[in-house]
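**Student:** Reproduced below are the annotations present in Swiss-Prot:
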| type | residues | note |
| --- | --- | --- |
| DOMAIN | 44-262 | domain 'Radical SAM core' |
| BINDING | Cys59, Cys63, Cys66 | [4Fe-4S] cluster binding site |
| BINDING | Cys103, Cys134, Cys194, Arg266 | [2Fe-2S] cluster binding site |
Amino acid sequence: MSASTTATTRHDWSLAEVKALFQQPFNDLLFQAQTVHRAHFNPNRVQVSTLLSIKTGACPEDCKYCPQSGHYNTGLEKQKLMEVQKVLEEAARAKAIGSTRFCMGAAWKHPSAKDMPYVLEMVKGVKAMGLETCMTLGKLDQEQTKALAHAGLDYYNHNLDTSPEFYGSIITTRTYSERLQTLAYVRDAGMKICSGGILGMGESLDDRAGLLIQLANLPEHPESVPINMLVKVAGTPLAEEEDVDPFDFIRMLAVARILMPKSHVRLSAGREQMNEQMQALAFMAGANSIFYGEKLLTTANPQADKDMQLFARLGIKPEAREEHADEVHQAAIEQALVEQRSSEMFYDAATA
């Protein structure tokens, strides 16, 4: 194991180098990943986020993995943009069960000018509660990223999904370069980036390596890198894809950790299908972030109490955030709710 792969942050990874990491003996790869992980993080702390779908279904994009796409009949009930107050109530519940970051996702190709004021109010309200804020709203232009940053958004999620070479087999309604441009706008606006991909869509090892190379060779690494295992949903074109080999999934986490040593690597969608032993291996491989709660946008996620029981058995604790005194925090929640109720846009959000 070279020093260059234990502690140094690089942005010049080659396909040959990354494939060599994947092809190491499993235990050697895990040892290397855990060594890198310990050089930058407390190995027994995991960042905990909660994800809420603020607008569900009828998305005009044709992503073959997604039950929210309007192109496929998955039986998903379409919902309009959630009212601001309801979003804040969900954020308060998320904080109460231990989440430190609240992520809000909308099934849009991009947010419209009509939607943006409501979205900005959500960010401000959640931020006032002392939670980190994250959103995934689709493609953004430069002015939208500036507005979100000004409202206090900490993270923007915009996944690359897979390698540039395989991307066209999965999505045709948005280009890879458009995704990279959105990430550049987010970074230029001063926000942190959450960007990763999905395993199990029929991609090759070269594609998995290619995705990680795209992320690791960005001018700055994403602060958060979600690695998703495809959740196969009836009605989507990928519903009959073969399951991902569990060891291959763990290898993906480990290589992500080595390539992006200071990023949080998130064990994301598909965790419901993972047994406790696989999740423990994921943490050993360097995963140090999870989504917490019962629902991950439109598919099941392990129940929160099960997560905490597993954490206790493994000696893992949720990563701490800067805490406000309880009375200060409660006042912030109440003030945020009052401000939303007095806003003209508050009651109209559901009809946006």
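A Cβ is built for glycine as well, from the same backbone N, Cα and C atoms used for every other residue.
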**Student:** Where the distance is taken from Cα to Cα, which of the binding-site residues Cys134, Cys194, Arg266 turns out closest to Cys63 ([4Fe-4S] cluster binding site)?
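**Tutor:** Closest by Cα distance to Cys63 ([4Fe-4S] cluster binding site) among the binding-site residues Cys134, Cys194, Arg266: Cys194.
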**Student:** My understanding is the cutoff is Cβ-Cβ under 8 Å with a sequence separation of 6 or more in the same chain; which residues meet that for Cys103 ([2Fe-2S] cluster binding site)?
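**Tutor:** For Cys103 ([2Fe-2S] cluster binding site), the qualifying residues are Ser49, Thr50, Leu51, Leu52, Cys134, Met135, Thr136, Tyr155, Asn157, Cys194, Phe291.
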**Student:** Within 10 angstroms of the C-beta of Cys63 ([4Fe-4S] cluster binding site), what count of other C-beta atoms is obtained when all protein chains are considered?
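**Tutor:** That number is 23.
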**Student:** Helix, strand or coil at Cys63 ([4Fe-4S] cluster binding site), per DSSP?
**Tutor:** coil
**Student:** Taking just the CA atoms, what is the gap between Arg266 ([2Fe-2S] cluster binding site) and Cys66 ([4Fe-4S] cluster binding site) in Å?
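**Tutor:** Cα to Cα, Arg266 ([2Fe-2S] cluster binding site) and Cys66 ([4Fe-4S] cluster binding site) are separated by 19 Å.
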**Student:** Among the binding-site residues listed here, Cys59, Cys66, Cys134, Cys194, which has the most company in the form of other Cβ atoms within 10 Å of its Cβ?
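**Tutor:** Per the Cβ count, the most surrounded site is Cys194.
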**Student:** State the mean pLDDT for the domain 'Radical SAM core' (44-262).
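**Tutor:** Here the predicted model's pLDDT, averaged over the domain 'Radical SAM core' (44-262), is 88.
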**Student:** How many neighbouring Cβ atoms, not counting its own, are there within 10 Å of the Cβ of Arg266 ([2Fe-2S] cluster binding site)?
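**Tutor:** Arg266 ([2Fe-2S] cluster binding site): 25 neighbouring Cβ atoms within 10 Å.
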**Student:** Near the [2Fe-2S] cluster site, what residues other than Cys103, Cys134, Cys194, Arg266 in the same chain have a C-beta no further than 8 Å from the centroid of the listed C-beta atoms?
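**Tutor:** Residues close to the [2Fe-2S] cluster site, other than Cys103, Cys134, Cys194, Arg266: Ser49, Leu51, Arg101, Thr136, Tyr155, Asn157, Ser224, Pro226, Ser289, Phe291.
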